[in-house]
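> Can you read through this structure? Questions will come right after.
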Amino acid sequence: MEIKNTLTHTTLTVRNCTRVDGGHFVLSLSNSGGTTSIPVNVKVLDKPGPPDGPLRVKVVSGEKCNLHWNPPVNDGGARVSHYVIEKRETSRVTWTGVEPHVEAVSYKVTKLVPGKEYIFRIAAVNKFGPGEFLESEPFIAQNPFTTPSAPSIPIASAVTGDSILLTWERPETDGGSEIDGYILEKRDKEGVRWTKCNKRRLNDLRFRCMGLTEGHYYQFRVMAENAAGLGSPSEPSEYIKICEAIYPPGPPINFRVTDYSCSTVSLTWSKPIYDGGAAITAFTVEMQEAAADGWITCSPSTGVEDTNYTVKRLRENVEYNFRIRAMNAAGVGEPVDLPASVVAPEPPSDLSVDEVSADFVCLSWKPPHYTGGCQISNYVVEKRDTNSTIWQPVSSTVARTSTKISRLTQGTEYQFRIATENRYGKSPFVESEPVAAQYPFKPPGQPTDLRVLNASNPITGYHIECKDQSSILWTKLNKNPVTESQFKVTSVEEGLIYEFRVCAENMAGVGPCSKASELVAARDQCDPPRNLTVTNITNSSVSLSWDKPEYDGGAKITGYIVEHKEIPNSCWLKCNFTSLLDTFLDVTGLTEGEQYDFRVIAKNAVELLSAPSETTGPVTVQQDVEPPKIFLEDKFRQVVVVKAGDLLRIDANICGRPNPTVFWLKNGRNIGTKGRVEITATKTHTSLLIRESVRKDSGQYTLTLQNTSGTTSRVITCKVLDRPGPPAGPLEVSGLSAEKCTLTWGPPHETGGAEIMYYIIEKCETSRVAWILVSINKIGTSEPSLETDPQVATEREEEPKFDVTAEMRKTLLVKDGSSFTLTVPFTGKPVPNVTWDKADVDLRVRGLINTSSSVTSITVEGATRDDSGKYKVKLAGNAWIDMKTSSHFPSCGSSVRDGLVFWHGAPVQHIQPQRL
């Protein structure tokens, strides 16, 4: 860097400037009168600087990582067109290319070797060439996560002669990556090797292992798999014998109290839906005082063979809990409990006869003082002829504390009794005094004027009443009699349970009420499950699947009940005895050759059941064999063409019984889910996905299905279009002269799957950034070919001449006292000698002359009127040009002429990539 100062001029010169010489320059002047400064921004055109660091490496897996960086702070005065990425292993010294043309500031690197330590470097490229590299810190290619921990020990259930159902729990930790599936293994007690139970990775936490040998003992273990691989196996299960097993039965159903007294409780129930594979032999009844902890068996030690039993010798006013179990050859099953403890209510009090007539009696009473701890549901009214010992029921649904007993026989003496009833039973009865059914007056005399007015009296309407389950009061729902035999109730409260009754009215008045309806919850019923389908049939099982209900009744669906019945004459029986959350089920234990029908019921969070789904229709239990089939769209019957980098996807619908095993092959070799390739398969569909496809993904893909009925395959041809490879070398130069040469090369070995359209040829001098030969097809530009060897072109002669524009011939106006520069470009080979001339002035002394191979200029400082006139430039030969200047004071503003900038009150600056 060189600085020259005079009394009127200062110059800063930087020779052989580089990119770092660019920047913000400030010229400052100071004397006793003050200080002034002027800024100058200088941009040096060069290759760009290194990208702005740091170069961040984010490890995705042992084979992939992501690179992130920032654009260079100094772009060399030209736009950065792309970046070059290279890598090397720390154990080596050579760099290898990763990607020569990346336009973004991030890149995904693949095909790393797990466990190797790498360093990456990146350089920015502009039109002047690649700049300096930015290097990353060393890092090891390894997964950022670990394999999952071991799942729980597999639990066995539903053992048959050749299969077993195993369930397990998820691992405590997933290793930082989502669990992709499970591998279940088995080991025969007579062997030492663990073998896989499942061919495909399991996505569920249960699996039925088939094809086991009856009478053998097996152990099982399970492993979880994530992106890092298989985790450690679980602890093995106990050895389990494979045989047709029986189990304790399920709990009895419909367990309820039928009668109650101060010292007895009568219970009844129905047999369990599931008998455990053996006949139910007996039932055991157990009781517990509400304040006690233990259960006491109150039935005989051999059990009760019937489905009812009366527990005696209970203590009055003591709360009891009851439960019952079923027994078979495998043992005692699960118990079923009454919903709450049982307490007898007291009988009503103050029973009185309010009215007596020849055919009816009106009774009234007061509620009991003690209700048994729950709401009184109704009263039971009975009567008997005093000449008989048999009590006849009148009504068991009386809700009020009064009733009218009709249809009595005139002159007969009756006695009445009433008991209180809650949901656990009845209290003892309270009896009335004997009452004779007769009019309270004497018979009238003989009527007169007898006339028939009407022979009948039709029903004029109905009255509807309802009550909450927890209440004993009936509420009338209609103000006016209802003439139709149906009525819409709108005044109910959501969530409450109601019962209803109806009474008729004619001209004579309102008749007695009907019996109460069944209890109904005021909630929307959820829709039944949809699309019940048989997905597989064996000689002992049927596999079902269905869709969720369209409407859940306003509460979440919490499970499903699957039922089946034998055809033609059988009742519906449950297939599952625990809450089923899935929308599929394998119904096992069926009889080969028999026909069954199936249906599904949904249950929501408020314990409301839907109506049953549509049935499957008759299903014959036999080994259902159907050869596998593949269904492809028409577009896969032709060549599938995609561009490099796009997603390659092949979909196919499949079927077959038993469910076929799916294999994907490419060019005859098996492929699986790995890296960019993802394969999915269900019972009805399979797909192959290849992300960021490349040319090598082209080829023939074969989809093969296999089951016991046979094998089928379909071939899909795929072509990935990409940029062509480099032209085949060597690139030869022949016929070289001063003005021309001949280039020859071979077509590229790899066309990228498309026809080569043309070639682009570029040249450069060896002292500059290299321009290279590339070929182009319809898809894009290829990789570069090998460069030619440097070639020396012979110098040719060219007559010297000026590159003159019309503006250069105009008179240049310059302010008196300022500086100006005259610049003239020229051509000529060899480079001609240049001379400047002005009449009566030695310009070598008055001005500063600079001349290069293609331009010459003269700078005159402190211009005066004597500097006005004609300036002549002459090249060796006959070329010359005249230029005129004139001293002048511009009124305002600034202007630019012929590479000169001048404005009011400031020195002229020349627009050139140089420092003045």
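Each residue, glycine too, has its Cβ placed from N, Cα and C.
Reproduced below are the annotations present in TrEMBL:
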DOMAIN    51-144  domain 'Fibronectin type-III'
DOMAIN    150-245  domain 'Fibronectin type-III'
DOMAIN    251-346  domain 'Fibronectin type-III'
DOMAIN    347-440  domain 'Fibronectin type-III'
DOMAIN    528-624  domain 'Fibronectin type-III'
DOMAIN    628-717  domain 'Ig-like'
DOMAIN    726-831  domain 'Fibronectin type-III'
DOMAIN    800-871  domain 'Ig-like'
> Could you count the residues of the domain 'Fibronectin type-III' (347-440) that DSSP puts in helix, in strand and in coil?
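Residue counts for the domain 'Fibronectin type-III' (347-440) by secondary structure: 0 helix, 49 strand, 45 coil.
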> Where among 150-245, 251-346, 800-871 do we find the most Cβ pairs under 8 Å to the domain 'Ig-like' (628-717)?
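Out of the listed stretches, 150-245 contacts the domain 'Ig-like' (628-717) most.
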> Per-residue pLDDT averaged over the domain 'Fibronectin type-III' (150-245) comes to what?
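89, rounded to a whole number.
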> Under the DSSP assignment, what numbers of helix, strand and coil residues are found in the domain 'Ig-like' (628-717)?
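The counts are 7 helix, 56 strand, 27 coil.
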> Looking only at the domain 'Fibronectin type-III' (150-245), how are its residues distributed among DSSP helix, strand and coil?
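Secondary-structure breakdown of the domain 'Fibronectin type-III' (150-245): 0 helix, 36 strand, 60 coil.
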> Residue counts in helix (H, G, I), strand (E, B) and coil for the domain 'Fibronectin type-III' (51-144), per DSSP?
0 helix, 52 strand, 42 coil
